[in-house]
Amino acid sequence: MVEDDPGVSDALALLLASIGHETATYPDAESFFEVNPPGDRDTVIVDLGLPGLTGIQVIRWVKRLKHQPRVIAISGQSSRAIDRLLDGETADVLLRKPLQEETLLRHL
């Protein structure tokens, strides 16, 4: 999970752990890029509004991997702002903050 808000990151990590998912959290794209890339059995949850390198850059990088994981993009911005941010890029799932637990879990 790539999320700069520690409250959101911690809450999502706890939720995912409670249902048996291993979760690695990164506060920014730069630290995410420093680790081994995820595989096709993984899911990357990424905030579109990251400081520095953006969530869109994470999506682009992930989509170039040979074994692509699922991508769940999250954002607290308006639909119009999200469309501008995505600029033609696609995630497997796009969810708006505040996240509903049931909705997130349905997409894992």
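Heads up, the Cβ atoms here are built off N, Cα and C, so glycines get one too.
Pulled from TrEMBL:
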type	residues	note
DOMAIN	1-108	domain 'Response regulatory'
MOD_RES	Asp47	4-aspartylphosphate
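Shown for the domain 'Response regulatory' (1-108): DSSP residue counts in helix, strand and coil, namely 41 helix, 17 strand, 50 coil. Mean pLDDT, taken over the domain 'Response regulatory' (1-108), works out to 93 on the 0 to 100 scale.
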